[in-house]
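In TrEMBL this protein carries:
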- 6-359: domain 'Major facilitator superfamily associated' (DOMAIN)
- 12-32: transmembrane segment (TRANSMEM)
- 38-59: transmembrane segment (TRANSMEM)
- 71-89: transmembrane segment (TRANSMEM)
- 95-114: transmembrane segment (TRANSMEM)
- 134-150: transmembrane segment (TRANSMEM)
- 156-173: transmembrane segment (TRANSMEM)
- 201-225: transmembrane segment (TRANSMEM)
- 237-254: transmembrane segment (TRANSMEM)
- 261-280: transmembrane segment (TRANSMEM)
- 286-306: transmembrane segment (TRANSMEM)
- 327-349: transmembrane segment (TRANSMEM)
- 355-374: transmembrane segment (TRANSMEM)
Amino acid sequence: MHSIPYWRLSGFYFFYFAFVGAMAPFWGLYLQSLAFNAFQIGVLMSLLQVMRIFAPNLWGMVADRTGKRVAIVQIAVGLSLLSFIPVFFNSSFAWLFVAMSLMSFFWSASLPLVEATTLSHLGEKTSKYGRIRLWGSVGFIAAVIGLGFLFDYVAIRWLLWAVLAILAALLLFSRHIPEAVVVPHHTDHLPIWHIIRRPEVLAFIGAGFLMAAAHGAYYTFYSIYLVDHGYAKSSVGLLWSLGVLCEIGVFLWMPRLLRSVSLRQVLLASLALAVLRFLMIGWGVGWIAVIVVAQLLHAATFGAYHSAAVEMVHRFFKGRHQAQGQALYNSVSFGAGGTLGGLYSGLAWETLGPNVTFTIAAAFALAAFGLVAWKLRL
């Protein structure tokens, strides 16, 4: 991979997902320390997803029209850093809502554009995407383990400084990513809706929406759930990291796996295992062995599913539609689906309890399985 800017792209993924590793497990705990209720936590946790509904499509459209993907990434990361600074000065719900909305609007622009840039750099070697993306998982683990142990000894408010440092490092690496040449395609003259309206594309995007919604309870309340049942914060960090270690293994294994099975088969298997995983978390929290096995299934529910999904987007959207295609997938799945997941889990957590909340998550995954099995024929 000597002709590909491997380490520059890998460094960006490392710090991008280090940010996720700081926010996903610990932001909810920080908000809980401010005495917010479950619904308020769900709303504030969902802002990253809410902005991913709208912002990536706007940034992706600009990137495809200007051809300046990396320049837009640099601007967006810089503005997300500046937008995060106000959280140091006020901890009211309204203040955090505004600050995190702004930060999320800019932050959500970067990943779809970097995904499209990475795949363009890889050219015909897209099966090697996982070897670059795995460094994002390494960054996630580093943040989760490091901060998990740190917060056993220091106050959770130190999370703010950790996030600020990670965003600064992300900005630094974004400055060193080279632009990739976009190869023209015969669909370039067509509006993007001509691609989206195909039944198999709609089914794939719909499944992504449901899969992201299924993960809402996990990303919003998993850490709180474990701590409330007596798990140490360091143990919570290790459990998050265990799942991501399995994810790394899948990223390395995917090129070999895709030589023997189809993308559709990978998606179906991942969705079936997601149903099992969320039921195990919801009803097996009292047994550490059950929780460990459920985390091992992260290899399928995120690692395998995400690898197959990114490759599927790359096959559906070619040429000048690449950035918009990645942005659309991120918007509908992680944006709209993630928002629904955060909001339903916040409401269900208080009214129905954790067990039922994770059962609803399993139902979303089951619905996604049915959609892929029914309509996604390649």
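Quick reminder: no glycine exception, Cβ is built from N, Cα and C everywhere.
The model shown is predicted, which means the values in this text are computed figures rather than measured ones.
Of the two recorded stretches, the transmembrane segment (38-59) does not lie close to the transmembrane segment (355-374), with fewer than three CB pairs under 8 Å once pairs fewer than 6 apart in sequence are set aside. Contact between the transmembrane segment (261-280) and the transmembrane segment (71-89) is not supported, since fewer than 3 Cβ pairs fall under 8 Å when only residues 6 or more apart in sequence are counted. If you look at the transmembrane segment (12-32) against the transmembrane segment (327-349), you find fewer than three C-beta pairs under 8 angstroms, all six or more positions apart, and that falls short of contact. Tertiary neighbourhood of the transmembrane segment (286-306): same-chain residues 133, 137, 211, 215, 226, 229, 239-240, 242-244, 246-251, 254, 257, 266-267, 269-271, 273-274, 276-277, 280, 365, selected by CB-CB distance under 8 Å and a gap of 6+ residues from either end. For the domain 'Major facilitator superfamily associated' (6-359), the mean pLDDT of the prediction comes to 88. The transmembrane segment (95-114) makes contact with the transmembrane segment (327-349): 3 or more of their CB pairs lie within 8 A, with pairs spaced 6 or more apart in sequence. Note on the transmembrane segment (134-150): residues 10-11, 13-22, 25-26, 158-159, 162, 166, 233-238, 240-241, 244-245, 247-248, 251-252, 303 of its chain, located 6 or more positions outside it, place their CB under 8 angstroms from a CB of the stretch.
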